[in-house]
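**Student:** This structure is in structure tokens; I'll ask about it shortly.
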Ligand SMILES: CC1=C(CCC(=O)O)c2cc3nc(cc4[nH]c(cc5[nH]c(cc1n2)c(C)c5CCC(=O)O)c(CCC(=O)O)c4C)C(CCC(=O)O)=C3C
Ligand SMILES: [Fe+2]
């Protein structure tokens, strides 16, 4: 099939102190996140001058993908749009329509399934197309890539580097963004009792551990939000570091398997909070790099593109069914990556 553009679809982040609150309001509208949590997260952003690194990292990744496309002789202009901050995806899709784009591939900056990691990007596509109207290009979202060999190899190298910087006997700990347990359950597939997101995180972690030759490791969660009475995936990374210390471990290597770039949850929750906890306990700590800066990340994106433009083989290392690829924001399947049913709020 022929496509005339690639849309890079991401989360978005503030680019100055005055952006932080309106950005957070965009993220949490209608999601029942308590104001105390928002105040706390606002402080994390203000700690970095109100600037999230995410937009810069996305622009760098796009430049690398443009170079890789050119190197492989593929003519495909790349557009950039976000869910929660400028450039907003509605505006970007409007610009694509004005430029005459009729059919585009969409790369979402998340490797996993689940509501927050997959379906919400479909909702972004739906919203943007509705805002632009009949002139909107057809938008074909690329598949989930948590088990792609290039993704796994980039993390494996980063993990080797982190482990090599630590004394012998360091514990390897994988971490991903927590989600409500109800959301993970609703992530399908229904016939397998749900858990698509957490199972994929487990599988990607297993593949990376296998690649680096580590047999004992943990998979934990971070950055939980929402009201305290709602259960989220746990244990939390900071609590887990305390547990490891109590068990006598003296060093920890953290692989941020749930994230493609060093955005705020990585530089705050890991490089500040988790690292500080380890320091306080006298443990050595190293956080592995995310794939965004690795040349294999751009190669991965171009390979996913070629699956569509040339019918290239869809390389994957797990037995999980391939999912996430949909047209015009349609869900992958019934019962796939559904939002959790939210309890009525008072
Ligand atoms: C699974 C997942 C990913 C990974 C998949 C993917 O990458 O898409 C992810 C990524 C990200 N999350 C981000 C930021 C935020 N997430 C929040 C809140 C939430 N995240 C959730 C889940 C996820 N989030 C959930 C279930 C909530 C509760 C509210 C709700 O039900 O939706 C909040 C509100 C404040 C708070 O409570 O934390 C913020 C500010 C940023 C940008 C960081 C930057 O600026 O650099 C990125 C990349
Ligand atoms: Fe988030």
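Using the three backbone atoms N, Cα and C, a Cβ is placed for every residue, glycine included.
Predicted automatically and left uncurated, TrEMBL annotations should be read as such.
For reference, TrEMBL lists these features for the protein:
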type    : residues : note
BINDING : 52, 121  : Fe-coproporphyrin III binding site
BINDING : 177, 265 : Fe(2+) binding site
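Are these features on the surface or tucked inside, and what are their neighbours?
**Tutor:** Within 10 Å of the Cβ of residue 52 (Fe-coproporphyrin III binding site) there are 24 other Cβ atoms, across all protein chains.
Counting only same-chain residues six or more apart in sequence, the Cβ atoms lying under 8 angstroms from the Cβ of residue 177 (Fe(2+) binding site) belong to 116, 117, 221, 222, 223, 258, 259, 265.
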**Student:** Find, for the listed binding-site residues 121, 265, the residue with the lowest Cβ contact count at a 10 Å cut-off, counting only other Cβ atoms.
**Tutor:** 265
**Student:** According to DSSP, does residue 52 (Fe-coproporphyrin III binding site) sit in a helix, a strand, or coil?
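**Tutor:** Coil, per DSSP.
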